[in-house]
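Record features, source TrEMBL:
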- B:LYS208: active site, proton donor (ACT_SITE)
- B:LEU14, B:GLY15, B:ALA16, B:GLY17, B:THR18, B:VAL19, B:GLY20, B:SER21: NADP(+) binding site (BINDING)
- B:LYS108: NADPH binding site (BINDING)
- B:GLU193: L-homoserine binding site (BINDING)
- B:352-434: domain 'ACT' (DOMAIN)
There are 2 protein chains.
Amino acid sequence: MTQHNEAPIRVGLLGAGTVGSQTARLLVEQRDELSARTGRPIELVGVACLDPSKVDAPWIDKALLTTDTAGLCQRADIVVELIGGLEPARTFVLTAIEAGASVVTANKALLAKFGPELYQAADERGVDIYFEAAVGGAIPLVRPLRESLVGDRVSSMLGIVNGTTNYILDEMTTKGLDFEVALNDAQAKGYAEADPTGDIEGEDAANKAAIMATLAFHTATSIDDVTVEGITSITADDIAAATAEHKVVKLLAVVENGEAGVSARVYPALIDENHPLASVHGSFNAVFVHAEAADDLMFYGRGAGGAPTASAVVGDIVTEARHIAQGCTGPSIPLYKDLPKAPIDASKAAFAVRFLIRDKPGVLAAIATEFADRGVSINGVNQDLQPTRHDPGYSGELQQLRIVTHQCDELTLRETVKAVCSLDFVTGTPSILRVLD
Amino acid sequence: MTQHNEAPIRVGLLGAGTVGSQTARLLVEQRDELSARTGRPIELVGVACLDPSKVDAPWIDKALLTTDTAGLCQRADIVVELIGGLEPARTFVLTAIEAGASVVTANKALLAKFGPELYQAADERGVDIYFEAAVGGAIPLVRPLRESLVGDRVSSMLGIVNGTTNYILDEMTTKGLDFEVALNDAQAKGYAEADPTGDIEGEDAANKAAIMATLAFHTATSIDDVTVEGITSITADDIAAATAEHKVVKLLAVVENGEAGVSARVYPALIDENHPLASVHGSFNAVFVHAEAADDLMFYGRGAGGAPTASAVVGDIVTEARHIAQGCTGPSIPLYKDLPKAPIDASKAAFAVRFLIRDKPGVLAAIATEFADRGVSINGVNQDLQPTRHDPGYSGELQQLRIVTHQCDELTLRETVKAVCSLDFVTGTPSILRVLD
C-alpha cells in the first residue's frame, strides 16, 4: 500500500447544513480509513457558513468554521459546494476553479442551469467537477453514466427522483387524502419544506432530468429545455381511478434520445402496480436506464437526507483526492454530440383523460366522435366513477367520464381534449395523465 | 475537447466467444464515439483465440485473429481477458501485467480464486485491473463499490447473481415443474450449459460472493471462504409450500461484516413475494447493498449475455484508456482490513424445515419437544401439505410436516433436525431453507 507520509489533500466545505455537517462527520470519523483508501491523508481545512454560532455539529472543530467563503475557495485542493441555489454558489464554484481547486457539489439547480459552463471552466483549468449527490442522493448514478456506460449508447432514462412528491402521492394513495391534506401532513413531518413549490411543481425533478440528459446524451441540456408538470393538480379522484385499475400515480423524470432529438420531461404518470417503480416508496428514488448493449438497468436508494447524500459527496471527495495525489484528472463531461431538442408536441404517449360531464343520452358518442375525428384511438372508457367533493365544480348532477387512449401525439391529444371541453355538457377542468407502457 | 492526434491505445482481446465478439463489435462500431469520450483513439490490435477459422464475427478484421495469446499480451496497452476459467487465464493475466499492460477481465472464477494475488501484482507493476463484468454482468456494481462508496462503510450485500438458477426456480414456480424437468428445459433453451454444475451447485454465485466480500470489506476473501449450497435439492414440494405462504425461493449470495467477522454464503432462501428481489426474473440479477451512511441501495440489470457483459467490459476499457492517456492509474483494491472470517455455524437465521413423516398421534408433540429442548423457537407449523410423487421415498402413508423457526444459529438448527430425523416416524431427507426477514 502507498505510504501516507505525503502532504494532506486539503478539503474546504461550503455550507454546514444537514449534508455539510454529515460530510464533515464522515471525513473526521473515517479519516484513517479514507487515508488508507486514498494513499494520502484527507484533511478538512475549513467549513464556511453564514453564522458559525449556529453550527450544531460537535465533530467539527470550531476553529475550522469561517465566514470567509471566497478565502476558503483559495486555500483548498477540493472545494465542496453544499450551499445550494444559483448564487452565490455559481460564483464560489468559479472562484474555486480559477484558483485551481477541484469541485464536488450536490447542487442540482446550479448544474441544471449552468452545468455546461462549469464543466467547460473546469476542463479548461484542468480540474475536475464531481456531482454524484446531485441526482438520486446516495445512489451511484452519475459515475455509472460517466464511466461504466461510456462504451454504450444510452437511449432513455426514467425514474422517480423527488422524494417529497413521492411521499405525498404515497399518502394520497394509501390514505385516500386530498393533495392539500397530504402536503400539509408532509410539511408537518418535515418531508416537505415550508415553501414546497420547487418539489410539488416538479422543478427539483426537472433539474435532475436536465443533468441526466446532459450526461446520457452528451448534449448540453438545461432546466429551460425540460417540460415540467408537477403534482398540484392531482386529485383524490385521480388516485381513486388509478387504484380501481390497479395502477399508481408517480411523478416521473423521463429523458429520451429519439428520432426527433433529445427530450427531457417531468410529469405525473399512471404506472401498473406490478411495475418495479410502483414499489418505490417515500423518500426512496429509483432510476431506470436503457442502453443499447447493457439493456435495462435500475438503480435504487435514498434520494435525499444528510447521511445518504454525504456518502455520495465523500465518495467524490476520495475519488478526486486520488486524482490530485496522482496529478491527473477524471473524465470530463463530453458534450460533443449537441443533438437537437425534440419538440414536446411531437412526443407520443398513451393518455388517461378524466372529464366531468352532465350525463345525458349521446354524451359518449359525441365525445368518442371528437377523438375519432382526430385519429386518437380509444383503449378504454370508464363511466362508473362518481365525482366526489374533491372535484372543483362538483354538483350532484355531474359524472366522471374517463377515457384511456392508445399511443398518440401530445399535440393532437390536447387539441382533442380542448374540443371535447367545448361541448356543452362538459364542465370543469379535465385531468390528463400519461400512462406508462 | 482533447485532440485525437496522439498514438492510439492498443487493446488486445483474449477470447472471441460470445462476450469477446460483442466487445469487439462495440470497439469497432463505436470507435469514433469512444475516441471522443477518451480523448485518444482506442485501437483493437488483436483477438486471440484457439481456432481463427471458427470465429463468426464479420466486424472483426480477420487479420487481427491470432493464436499467439502470449505475444498479444506483450504488444497491447490493455489486455482484455475473456477466456474464463483458472488456467491459462491466470498465466496470461500475469504475463500482461509483467509486460506493463493493464487488464480488464470478466473472469469471476479467476478473481474469486486468485484475485488478491493479481491485484497485488498489478499494484506493484503500477498497472490497473478492472473487472466490472465479473459480478452482475452489465450492472455497474464493482465501480460503485470501489469508488462511490469509498467514503462509506458497507455492512452487507445480498442479491441474485446467477441467472441460470434464477430461470430454473422461476420455471419451477410458474409451471410447477420438478427441478430436473426445469433444468432440462433450461438446457434446451440455452439458458443452462450442457454441464450445469457450476451454476446449479452455486459455485458461480459463490465466485461473485467472494469478489463482493473482498471489495466491500477490504479483506481478501476467496471462493474457499464461501459456504455454498445450490438448488439441486429444491423440490416442487418446496416451491408449492413457499407459494402457499406467498413466498418464493431464490438463490442468494450474501456477504456480511458482522461481529464474528466477514461471512460469504450462497444458499436458496424463502423470500416474501412482495420483496423487491421476488420480482427479479429470468437472467436478470439484482444486488442490495447496505452501507452505514448511504443506507439501502439496489442495483438491477442483465447479469449475463454477450452484449450486456460487453457493455461493462468496454466501460472498463475506456476508463483504463483514459488513465493510460494521462499516465496515471485507477484506485487499487485496498485489502488493509484483513478482517477475520466468521464461522458458518455462528450465523443466525430463521429456517423452514420440511420433514416427511408417518403420521400418528403425538408426532407433532415429539418433534416440537426436540426443538424446545435445544432452545429453537417455532414460529409456525403446517401439516396440511400433502407429499407428492416428487418426494423421494414417497408412499401413500406419508405426510409432510413443515416447521418455520424464529432466528436461531445454524449449528443448533442442524443438530435439532438431526435429532428429529432419528425419531422412528420420520423418514427421507428433510428440506432446510433459510427464510429472509
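Count begins at 1; order follows the chain as displayed.
Cβ from N, Cα, C; glycine included.
Feature annotations (TrEMBL) mapped to structure.
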residue  : record                    : Cβ within 10 Å
B:LEU14  : NADP(+) binding site      : 28
B:GLY15  : NADP(+) binding site      : 23
B:GLY17  : NADP(+) binding site      : 15
B:THR18  : NADP(+) binding site      : 15
B:VAL19  : NADP(+) binding site      : 25
B:GLY20  : NADP(+) binding site      : 27
B:SER21  : NADP(+) binding site      : 23
B:LYS108 : NADPH binding site        : 26
B:GLU193 : L-homoserine binding site : 13
B:LYS208 : active site, proton donor : 30
Checklist outcome for this item: Candidates B:LYS108, B:GLU193, B:LYS208 (recorded positions); nearest Cα to B:GLY20 (NADP(+) binding site) turns out to be B:LYS108
Next on the checklist: What whole-number Å value do you get for the CA-CA distance of B:SER21 (NADP(+) binding site) and B:LYS108 (NADPH binding site)?
Outcome noted: 19
Checklist entry - When the Cα-Cα distance from the residue listed as 'L-homoserine binding site' is computed for each of the binding-site residues B:LEU14, B:GLY17, B:LYS108, which gives the smallest value? => result B:GLY17
Checklist entry - Where does B:LEU14 (NADP(+) binding site) sit by DSSP, helix, strand or coil? => result strand
Checklist outcome for this item: Students should find that the Cβ of B:ALA16 (NADP(+) binding site) has, within 10 Å, a number of other Cβ atoms equal to 25
Next on the checklist: In whole Å, how far does the CA atom of B:VAL19 (NADP(+) binding site) lie from that of the residue listed as 'NADPH binding site'?
Outcome noted: 14
Checklist entry - Where B:GLY15 (NADP(+) binding site) and B:LYS108 (NADPH binding site) are concerned, what is their Cα separation in Å, rounded? => result 15
Next on the checklist: Using the CB centroid of B:LEU14, B:GLY15, B:ALA16, B:GLY17, B:THR18, B:VAL19, B:GLY20, B:SER21 as the NADP(+) site centre, which other residues of the same chain sit with their CB within 8 A?
Outcome noted: B:LEU13, B:GLN22, B:THR23, B:ALA24, B:VAL47, B:CYS49, B:LEU82
Checklist entry - Of the recorded positions B:LEU14, B:ALA16, B:GLY17, B:LYS208, which one sits closest to the residue listed as 'NADPH binding site' when you measure Cα to Cα? => result B:LYS208
Checklist entry - Which numbers of helix, strand and coil residues does DSSP report for the domain 'ACT' (B:352-434)? => result 23 helix, 31 strand, 29 coil
Checklist outcome for this item: Taken over the domain 'ACT' (B:352-434), the predicted model's pLDDT averages 86
